[in-house]
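Residues annotated as transmembrane segment in TrEMBL: 49-69, 131-149, 161-179, 199-223, 244-267, 301-320, 332-356, 362-380.
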């Protein structure tokens, strides 16, 4: 009994020591080298990664536009995920590839006098576009796997990144589905071989959705939201900005129909179309709704109306914010959007009046992506603080 009383203080001391040592060990395990993730540093890395992916998507859109403008998109008549990554090298391989191309409508109707060196040019244009698409896919998928294993994603980001990666694969399949439409024999048609304008607009539209989603997510990870007073005018401004961004997107999408139907070559005058404000053949097709998507005159007319409407909406947005107390960054974003809108209209009119020269037309297409980017930036600056 005496021995038990003598050892009691020692036991109490050991219990207290063990209680203090457990939190200390936990703290040691979570100290700097094992910081909890995700955190501000990992979010910054993810934001930079997604902005980089967005830049690659812009490159794919611009390169796709140049491929279309140089009429190179139908030069590769089959699709293989890995095998086509190696282009022809020997003379025999090039001749075999050229022979395959000669079996399809574009060569028979438009390019029957094409030489092998000319074929190599359009082949490399399309091959470059496809390889860029694969680079975009790798830029999304490989970092996603790495960041997932490192625990950089919260539950929300896991869903977003899976959606982005899935959309990249969908975009690749949609591209081949588009090309196939231009390789089909159409005995009943006297038109030049071209891809379906519906599939072209779907291909461009999906690329723009991928771009917007990546850019928006990247900006929200990198740019701290402003703590703005939730006033009636600010809520009106947010809805105004969202509507304007939607109009910018719709105008860019209508440009795909213009490109798909070569509608930029039907009325090369501005502001009138020929000698009329509303051309005679605006509703030449029957049924009437087909004119919206299949009549080059109507498609160009619609693109003009959308472009002018977008310019007016952006100008209105700028005027609406002139007397509002907004953060400097938000004011700068709106000013840049306005300046780019006027630049884009000048590019569009110049492209039309000069009969769609390739460099200018490609710049106009890149301008549409730049305008969309600035609209996304404005939305990011005006977004509400998450509760």
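Note: Cβ is positioned from N, Cα and C throughout, glycine not excepted.
Away from its own ends, the transmembrane segment (131-149) comes close to residues 42, 45-46, 49, 52-53, 56-57, 59-60, 63, 85, 158, 161-162, 164-165, 168-169, 171-172, 175 of its chain (Cβ-Cβ under 8 Å, at least six residues beyond either end). Highest Cβ pair count under 8 Å relative to the transmembrane segment (199-223), across stretches 49-69, 244-267, 301-320, 332-356: 49-69.
Between the transmembrane segment (362-380) and the stretches 49-69, 244-267, 301-320, it is 244-267 that has the most C-beta pairs under 8 angstroms.
When Cβ-Cβ distances below 8 Å are used as the criterion, the transmembrane segment (244-267) is approached by residues 65, 68-69, 194-198, 200-201, 203-205, 208, 212, 273-274, 279, 293-294, 296-297, 299-300, 302-303, 306-307, 309-310, 313-314, 317, 351-352, 355-356, 361, 365, 368-369, 371-372, 375-376, 378-379 of the same chain, each at least six residues removed from its ends.
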